[in-house]
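Copied over from Swiss-Prot, here are the features:
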- C248, C311, C312: Zn(2+) binding site (BINDING)
- 651-745: domain 'B12-binding N-terminal' (DOMAIN)
- E695, G757, D758, V759, H760, D761, S805, T809, A861: methylcob(III)alamin binding site (BINDING)
- 747-882: domain 'B12-binding' (DOMAIN)
- 898-1226: domain 'AdoMet activation' (DOMAIN)
- D948, R1136, Y1191, F1192: S-adenosyl-L-methionine binding site (BINDING)
Amino acid sequence: MGKEVRQQLEQQLKQRILLIDGGMGTMIQSYKLQEEDYRGARFVDWHCDLKGNNDLLVLTQPQIIKEIHSAYLEAGADILETNTFNSTTIAMADYDMQSLSAEINFAAAKLAREVADEWTAKDPSRPRYVAGVLGPTNRTCSISPDVNDPGFRNVTFDGLVEAYSESTRALIKGGSDLILIETIFDTLNAKACAFAVDSVFEELGISLPVMISGTITDASGRTLSGQTTEAFYNALRHVRPISFGLNCALGPDELRQYVEELSRISECYVSAHPNAGLPNAFGEYDLSAEEMAEHIAEWAQAGFLNLVGGCCGTTPEHIAAIAKAVEGVKPRALPDLKVECRLSGLEPLNIGPETLFVNVGERTNVTGSARFKRLIKEEQYDEALDVAREQVENGAQIIDINMDEGMLDAEACMVRFLNLCASEPEISKVPVMVDSSKWEVIEAGLKCIQGKGIVNSISLKEGKEKFIAQAKLVRRYGAAVIVMAFDEVGQADTRERKLEICRRAYHILVDEVGFPPEDIIFDPNIFAVATGIDEHNNYALDFINAVADIKRELPHAMISGGVSNVSFSFRGNNYVREAIHAVFLYHCFKHGMDMGIVNAGQLEIYDNVPLKLREAVEDVILNRRSDGTERLLEIAEAYRENSVGKEEDASALEWRAWPVAKRLEHALVKGITEFIVQDTEEARQQASKPLEVIEGPLMDGMNVVGDLFGEGKMFLPQVVKSARVMKQAVAYLEPFINAQKSGSTSNGKILLATVKGDVHDIGKNIVGVVLQCNNFEIIDLGVMVPCEQILKVAREQNVDIIGLSGLITPSLDEMVHVAKEMERQGFELPLLIGGATTSKAHTAVKIEQNYHAPVVYVNNASRAVGVCTSLLSDEQRPGFIERLDLDYERTRDQHARKTPKSRPVTLEQARANKAALDWANYTPPAPAKPGVHVFENIALATLRPYIDWTPFFMTWSLMGKYPAILEHEEVGEEAKRLFHDANALLDKVEREGLLKASGMCALFPAASVGDDIEVYSDESRTQVAHVLYNLRQQTEKPKGANYCLSDYVAPKESGKRDWIGAFAVTGGIGERALADAYKAQGDDYNAIMIQAVADRLAEAFAEYLHEKVRKEIWGYASDENLSNDDLIRERYQGIRPAPGYPACPEHTEKATLWQMLNVEETIGMSLTTSYAMWPGASVSGWYFSHPDSRYFAVAQIQPDQLHSYAERKGWRLEEAEKWLAPNLDA
């Protein structure tokens, strides 16, 4: 059974694009069914609500499901999907109906079968097929549902296999022609599903065609569990599906690039059934049948498709339109792809004949790393993860994980560590090699990895039967396999035996098991040389020759080995061991070795091994001399403490001999200021006038910089350094230019300003530098600039464009005000909008409609150049504005139809669903040191260990997590330079006292009263000194609470004596003066750098002070012992939310904090009219101690909460609307 269906389907797929049906849920919604409809007669007295259990309708409303199936077949569908998306026992448990899973699956398949047969009977030349649907369930096997325990799972691989097996049997029994595993958001779930399906096929003695369809969740191009499209494909390729595709989450416009990628890499047929666009404000889908068909037609004509249908929001009308659009279009031809081993973690790793040597990291192995073994034994898993992370950062493309140690529960340790690895993208991006001598440990590991990994290892030592059984399971789990050269006789130690065993194993795997040859990796045994035993002298050479033999005789098989074994005789002399590894790998790779288990951080380069030592090592490795071991031992001691030196680059200053124009270009590209004045003067002497130096070689050099930046070959910090060189050259030339009364031409004059009330300008400064690098003249008015000054200077300086920047949410209203004033005053200039709090939606809806001239949202520095060029070009401007208007019109239209992703609830309902904390059995901790604590001019050396460097790199548009970014393939070198410069500047600042950091905190008696928090003047708690006003989440939370910060303080009526903390810190005292001084010197790089490091110091101060409060001042976590990485990940008790941020988004509450602490008088920090903090590098907020306190986002609130908040604050409604605008619907 199934073979005929597959042949029939494949025949049709070669001739035309087949149609899958459309959305089932969408059609069910159109019936507007009520609770009683879902219950039917059978479930009238069921003990929980059943509305929404669409799959149950196959039992209670079968006629509706049949109508929907029939409508899709009438529209042209070839394949019906059964109504079983949520019919597994796991998903049905939500309705306590897990016992009905098999019945529902059977009934659903039977219904679809009946309808399909009816339509096939009408036209036997066009058979209709039933795809038994296996959905993703509501659990994830590779993601923890508990943010506090990334190693926890609420479902197991085995549990999923059991659930999917039950569903599969019923779907087959009901008459399914094929199995569709769809809407895969966690690949490990899908692997469990595929495992179940294959097991059931074997059990029933059948093999139906299998379709696989995954879900790319957003613009990141990844599944919910983090895999890229190709990594996802590699992980499930072993299923050998008839088709591989994508569905749901995205509309055709967004999904196109991923379907195109899949069409390039998939050896099987490609399917797609996208949504009808993205959901609007009402959760509905707006893409019409005609619009969707237009997209699909283009896909088909581009050769992406073999099967196509629709998902959420699609109807029979959509399918009919799509059927018409693809009719007669030639289906995608199956590509002829080269044979490769396709592995994956979160990202793909394809290994083929052209691939360079693959490094397998060896340090996550308890048998080979004393440090790793100690950490696992002590259950120091966070530090053990660091070992894995270091391996990847040092170049390991696969990590080998082994837990075989007598005192460990190897299976439990393997599962725990792999689950934790899955939560670390820097580690889980690479494939895993599950390494154990115990088969049960290997299986346990395979059940934890969502990518395609490698089993290390199986062999013939226990006979052919067990070898085959294990190989079949490896195949079913979807892994590649290492096969040891070991049979019933023993390990292969000669060239001949290595080939003999590998040949036998290869033919068993390929010919009898059906194992893909490209997924077979032989380990022909690397043994130690230079042992003093003559029989061992040929071990290395035999391995090298066996590599060549195996590659020649066994097509597509790969070769690996534990490289460190070869140097075992030289334990204790790491330098010589590294030299042996380098030489051995050099010859192995030449003969065809594909990968090796190595310490990725200690690989030496063959050519860097000193010649004398290299020759001695080669004598041993290649067994060229009978006295090779003795000679190597003699010279080994001389190298015991050495490390490979690197010769000085003698050509470092070779560029100084180049022509001056090339020297200037080199200096600009490399950011070298050392010779710039000297070279600029030389260029001036050669020019007829000084302006020619700017317009000639200097601008030529900056054009090269601009090109490299645009191509991604230079990064923002380098561009800023280039600008520094340019400014110094121009500053030198200015007196000569002025003396000649000459004027320079520019691409345009742009005024930039951070709006009134806002003090943040790092982003604006970077935009200014990038624009200057592209020959725009910049007038920077700085921060907190009132509207009147902006417009006055714009008129006086006759600027071409005005650019506004802001970070805090009140700045959005100020930008609207500036736009209105520009309209009122008759300006015609383009207006640019940028900054962290701005968005295209806000620009289109709130700003652009108040000003008739172009208003352009600029989301990053690199885009600014193109925008300004287009706006000031007579040729480009009309088309640019037309596209901009259309884009904004679409944005406004989408916004007008937008509703919250979750249904809003009343304030009364939200309060009724507050966080249910057990105050009766909880005693709030009393402070160890109550009162106010001031930290004036704290040593920067104290704060530097608390710095989180990741946001620092983001400031410079270098995306990646510290410290991994320092080794990033593309930006690593620049990140290292930037990191070095930042620390050098911090050293200077610390040494010379150029920046000061001050802060303060205090703890106050407090109690919650409804949504607000009363703060008392003393411990008698009789007098309310302050009230902290809070907002509550106001959308439906079926599985959680509607949080408000007051939930974390003991209610007044509880009688519990609780406390709240307040703090304010700054790392920026002196930062503005320093930045201005650097700017005056033409050094934009250090001007931006000082702002960036001041910001980091402020955040570090906040982290440091919170730790001090937890451990000493409040003292509720006196035993806490966390690393800086733990602090960054917030692995501590308590929270420190800041006014103006998601949990307490209303900025004016800072004024209360300032009063409580007397901040301005004590440490000099102040608030602007928009409640931005000055200095800008500052942090303030509240301290909560409750162990269940957590961060959350208030998000959108409703009118009833707006009125309540205004009333409690004593505000007019208009005032409340102004400060809460970001949390209100437009």
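Heads up, the Cβ atoms here are built off N, Cα and C, so glycines get one too.
Computed from a predicted structure; not experimentally measured.
For E695 (methylcob(III)alamin binding site), the nearest of the binding-site residues C248, C311, C312, D948 in terms of C-alpha separation is D948. Ranked by Cα separation from C311 (Zn(2+) binding site), the binding-site residues D758, S805, D948, R1136, Y1191 are led by Y1191.
D948 (S-adenosyl-L-methionine binding site) sits 25 Å from S805 (methylcob(III)alamin binding site), taking the CA atoms of both as reference points. When the Cα atoms are compared, S805 (methylcob(III)alamin binding site) and C248 (Zn(2+) binding site) turn out to be 37 Å apart. The Cβ of E695 has fewer other Cβ atoms within 10 Å than any other of the binding-site residues E695, D758, D948. Rounded to a whole value, the Cα-Cα separation of F1192 (S-adenosyl-L-methionine binding site) and D758 (methylcob(III)alamin binding site) is 25 Å. The C-beta environment of C248 (Zn(2+) binding site), restricted to residues of the same chain at least 6 apart in sequence and closer than 8 Å, consists of E182, T183, T215, H273, P274, N275, C311, C312. Annotation for R1136 (S-adenosyl-L-methionine binding site): same-chain Cβ neighbours under 8 Å, separated by at least 6 residues, are F1063, A1102, H1106, G1181, W1182, Y1183, F1184. DSSP gives C248 (Zn(2+) binding site) a coil state; it is part of no helix or strand. Its Cβ taken as reference, C311 (Zn(2+) binding site) is surrounded by 29 other Cβ atoms within 10 Å in the chains shown.
For the S-adenosyl-L-methionine site listed in the record, the two most distant Cα atoms among D948, R1136, Y1191, F1192 lie 21 Å apart. Helix, strand and coil counts under DSSP for the domain 'B12-binding' (747-882) come to 65 helix, 24 strand, 47 coil. Long-range Cβ neighbours of Y1191 (S-adenosyl-L-methionine binding site) (same chain, at least 6 residues apart, Cβ-Cβ under 8 Å): E1130, I1135, P1137, P1142, A1143. All chains included, 29 other C-beta atoms sit within 10 angstroms of the C-beta of S805 (methylcob(III)alamin binding site). Compute the center of the Cβ atoms of C248, C311, C312, which mark the site for Zn(2+); besides them, the chain residues with Cβ within 8 Å of that center are G23, T183, N247, A249, H273, P274, N275, G310, G313, T314.
Per-residue pLDDT, averaged across the domain 'AdoMet activation' (898-1226), gives 90. Sorting the binding-site residues C312, F1192 by the number of other Cβ atoms within 10 Å puts C312 first.
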